[in-house]
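A quick write-up on the structure given underneath.
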Amino acid sequence: MDPIELEQWLSAHPPALADVIRHVAAACARISRAAARAPLAGQLGGAGSLNSQGEPQQRLDVLADACVSQALSACTHVAGWVSEEHADVTVSPEHGSGGAYLVVFDPLDGSSNVETNVAIGSIFSVLPHLFRGTPASAAAFMQPGRRQVAAGYAIYGPSTVLVLSLGQGVHMFTLDPDAPGDAARWVLTRADVEVPVSTTEFAINASNQRFWEKPVQRYVAECLAGQSGPRGRDFNMRWVASLVAEVHRILTRGGVFLYPRDSREPFRPGRLRLLYEAAPMAWLMEQAGAAATTGTGPLLELVPDALHHKVPVILGSRDEVERIVTYHEDPSANVSWQLFKTRSLFIQPQA
């Protein structure tokens, strides 16, 4: 059987939406090439500027943002977009009122890993433009994740893979590095991805343990207690500091990812951006049979109150996510840790 290419696959979907995905995929292919050539082209290191969140930008952050923005500017169906790198909405100069769709994106997730050559990626989501006929505004983006019509990411690692859902399962396309010239040839390499329901892997930044809520403390301690603890089996812990890399591992072999609420800044409920990080990944998880929550409710039900609204994120294999939700529902059941004291890596919380 001949391989199925992205262009052929998109032909079965609404033409306008397919065209949006086509433009995003082209931008991802350009970013992939730029990332691969970054050490040779002098594109490593800081850009000497800050993004909309006040975070230092890498040179590749700026380049990736330009790649996606240029691609969306050329798409007649996109009214406007929001990028992690900019505080406000960018209205399409040509199609700001007539475009049927809005796009949100993180142009280069995990960019702090660039110089160590760890996998990085681009995350995107497509929303309907509910106020079509008027220029795209911030209010138009205040939609729950359930309204997404497409979401995905590209991961730039040993191979470049575009992971995509248009609401009918999750599919993976690999970029052909031998395609002639500047052509971007994406080939379907995995269709209808399903995340295993159970897992023995979890991913969390353990250095923040002292700030976690008790339900998360309990969950991690039980995992670390291993076979002799209440779970009766051993777990492995992972942490890459790249949301794309963490999610890709979960889609490939299962697992659970936690970036929970913590007490460092009580006025901020989480660390990941809802529109262009949490919601797209939650959409992919649910499309692949997994689950995604804040700990107290489904991520896809949340309506952002700002373009860069941040939330806690727990996603992955359904059994583990549901267990963590149960722990949040009854904090009084988060029992003493003395049972695990000799096995835990963590200092026991004081009463």
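Even glycines carry a Cβ here, placed using N, Cα and C.
According to Swiss-Prot, the feature Mg(2+) 1 binding site maps to Glu84, Asp106, Leu108, an assignment based on sequence analysis. Under the heading Mg(2+) 2 binding site, Swiss-Prot lists Asp106, Asp109, Glu277. Feature annotation from Swiss-Prot assigns substrate binding site to Asp109, Gly110, Ser111, Ser112, Asn205; the stated evidence is sequence analysis.
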(message) Counting only residues 6+ away in sequence within the same chain, which have a CB under 8 Å from the CB of Glu277 (Mg(2+) 2 binding site)?
(response) Asp106, Asp109, Ile123, Leu243, Val313
(request) Using C-alpha atoms only, work out the spacing between Asn205 (substrate binding site) and Leu108 (Mg(2+) 1 binding site) and round it to an integer in Å. (result) 20
(message) Can you tell me how many other Cβ atoms are located within 10 Å of the Cβ belonging to Asn205 (substrate binding site)?
(response) 14
(request) Would you mind reading off the Cα separation of Gly110 (substrate binding site) from Glu84 (Mg(2+) 1 binding site), to the nearest angstrom? (result) 12
(message) Applying a 10 Å Cβ distance cut-off over all chains shown, what neighbour count does Gly110 (substrate binding site) have?
(response) 22
(request) Tell me whether Glu84 (Mg(2+) 1 binding site) sits in a helix, a strand or coil according to DSSP. (result) coil
(request) Using a 10 angstroms cut-off on Cβ to Cβ distances, just flag whichever of Ser111, Ser112 is the loneliest among these binding-site residues. (result) Ser112
(message) List every residue in the same chain as Glu84 (Mg(2+) 1 binding site), at least 6 positions away in sequence, whose Cβ is under 8 Å from its Cβ.
(response) Asn51, Ser52, Gln53, Phe105, Asp106, Pro107, Arg273, Tyr276, His308
(message) Through the lens of DSSP with three states only, how would you label Ser111 (substrate binding site)?
(response) helix
(message) Suppose the Mg(2+) 2 site is Asp106, Asp109, Glu277. Which further residues of the same chain have a Cβ inside 8 angstroms of that site's Cβ centroid?
(response) Glu84, Phe105, Gly121, Ser122, Ile123, Tyr153, Leu243, Val244, Leu272, Arg273, Tyr276
(request) For the recorded Mg(2+) 1 site, whose residues are Glu84, Asp106, Leu108, find every other residue on that chain with a C-beta no more than 8 angstroms from the centre of their C-beta atoms, and list them by sequence position. (result) Asp61, Ala64, Asp65, Ser83, Glu85, Phe105, Pro107, Asp109, Ser111, Ser122, Ile123, Tyr276
(request) Compare all C-alpha positions of Asp109, Gly110, Ser111, Ser112, Asn205, the record's substrate binders, and send over the largest distance in angstrom. (result) 17
